[in-house]
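Going by TrEMBL, these are the annotated features:
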BINDING   221, 223, 293, 476  Zn(2+) 1 binding site
BINDING   293, 333, 440, 474  Zn(2+) 2 binding site
DISULFID  94-178  disulfide bond
DISULFID  97-169  disulfide bond
DISULFID  132-143  disulfide bond
DISULFID  236-241  disulfide bond
DISULFID  242-265  disulfide bond
DISULFID  400-448  disulfide bond
DISULFID  597-601  disulfide bond
DOMAIN    90-182  domain 'Saposin B-type'
SIGNAL    1-16  signal peptide
């Protein structure tokens, strides 16, 4: 559905000033903006619906579409995350979302609707492909692949749900004035045990690191590309490059590197082998966490067989290199075919995700006991106790992912896994166990549904004494997130291990945690990388993996939630320290350091660390204002690779990938 929505929305993409009824001044109350958006959306909806019914483009429709086609630039509306758009762009996207979804709903559900017949899928594809060509959104191959993969699910959801455009757009966007959906199925509350008093202060009892601590290695977002070809075209129009057109590159800078490429390219197998081999020689990993996203970003070219082969090959390599080490995986959004789609139980087999759960259990059963089978087959999640007093809970966080179209089928079917999570924590608390939580998508991510994230964080707060660590991936950033109670007390820290893939503009990295053997708290961590530019200069030699940094030496020895919350204060008050955090966050990658990070970039990185529910920004706003004040009081502008964004930012270079909103 997302690809179809983007393709159709592209038909209307324009600057707000060209649309009839759009205000010039956007400094209006949310209710006013929402009402104006509704009015404009209804006009667009009617014009396009008339076109679908009659095949005739009225002069008004022609004029409007011509204006919009000329205005389409693939810039902010497509290159920024939806929550980060300015009000003007948010107004346009909200309006387009409401109008296009209404067209689909009317055409599918109304008797006599153009999409309410046996040829509905054919017509839906014809419409989407026409828009793709007309608006030049992507190549014919990419559009056709995405549309073919998603159409069966889209059609089923449209016919078997009561989702309206306001509810859909509220979830898909979650920007303030657009978030007006009132569907009660999408604003539920989890039943959370209340027998323990709420925390009266931040959690501060994490021990400091010691020689007795053990090591846990984290490999996240591997994104192995089986089609990666050194010397192929690394600057291509598709969302993923470094696979084809080798004859066109010669020895130019457009050629893909041997050990990977900074541009929109995923990880060659040799680089994955190198990472595991280095870790095996360097670190004694007691356990390994693999936090999702093994499959590549060729989102228009997935298949059950291709995905299954990559998943198994990666699992087999872990076993080969670490034959005596247990690996605990969780599922990423790239694992299924089609991308991002995690179906509920009871849907037709041809659009069900059960094939993936069955395949993952076959791979994961090499490390997991038989009692995990039931929940893995049910929804891709499980719990296991590797040793007495210690429990791991691995979630399928795609229940919160707003790019998972099954979210729009029903909001209530996202409750069972969270309730299981709560109940498993309750049992762990009673047994005196310490718990690590694995969850691919950080709960504060802009594409994690805020209701799910809110209830997830209620569980984190309630069991903050039981949870010793949370481990995420997805963002491809080496970062952390502080969880807060309703009263604003720091209750937990989520650690994000970055990504092995180079997608995009990053060095490959993996993470090693130092863990207390009694409390299982994270007491330190080390991040290992290799410099991609240097590695590609010596294709015949193994990359030079090295320790990029050790957390306690660069930032703080207090890794408790209270200590990390205090570190966020230091980031806000000491811009130089914040710049250091940003450099490590982007794995010291040369393209990032060359482009730099201005005040808004620094504030965004800091805000992300203080956000674990994407519509709760109180701590973020406080820190941002303090950071701006500190920056304003600096004696002179720093020029250390993190001070200034160039005219061509990294987000601009990623425009094509984000235009399809393929997700990380």
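Positions of Cβ are set from backbone N, Cα and C atoms, glycine also.
Residue counts for the domain 'Saposin B-type' (90-182) by DSSP state, with H, G and I taken as helix and E and B as strand, are 65 helix, 0 strand, 28 coil. Rounded to a whole number, the C-alpha distance linking residue 241 (disulfide bond) with residue 476 (Zn(2+) 1 binding site) is 18 angstrom. On the 0 to 100 pLDDT scale, the domain 'Saposin B-type' (90-182) averages 78 in the predicted structure.
Each of the disulfide-bonded residues 94, 97, 242 was scored by the other Cβ atoms within 10 Å of its Cβ; the lowest score goes to 97. For residue 178 (disulfide bond) paired with residue 476 (Zn(2+) 1 binding site), the C-alpha to C-alpha distance reads 28 Å. Summarising the environment of residue 474 (Zn(2+) 2 binding site), the number of other Cβ atoms within 10 Å of its Cβ, over all protein chains shown, is 27. When the Cα atoms are compared, residue 97 (disulfide bond) and residue 132 (disulfide bond) turn out to be 17 Å apart. Cα separation, residue 293 (Zn(2+) 1 binding site) to residue 333 (Zn(2+) 2 binding site), rounded: 6 Å. Looking at 132, 601, the disulfide-bonded residues in this record, the fewest other C-beta atoms within 10 angstroms of the C-beta turn up around 601. Sequence-distant neighbours of residue 265 (disulfide bond) (same chain, 6+ apart, CB under 8 A from its CB) are 225, 228, 234, 240, 241, 242, 256, 502, 503, 504.
Nearest by CA distance to residue 132 (disulfide bond), out of the binding-site residues 221, 223, 333, 474, 476, is 333.
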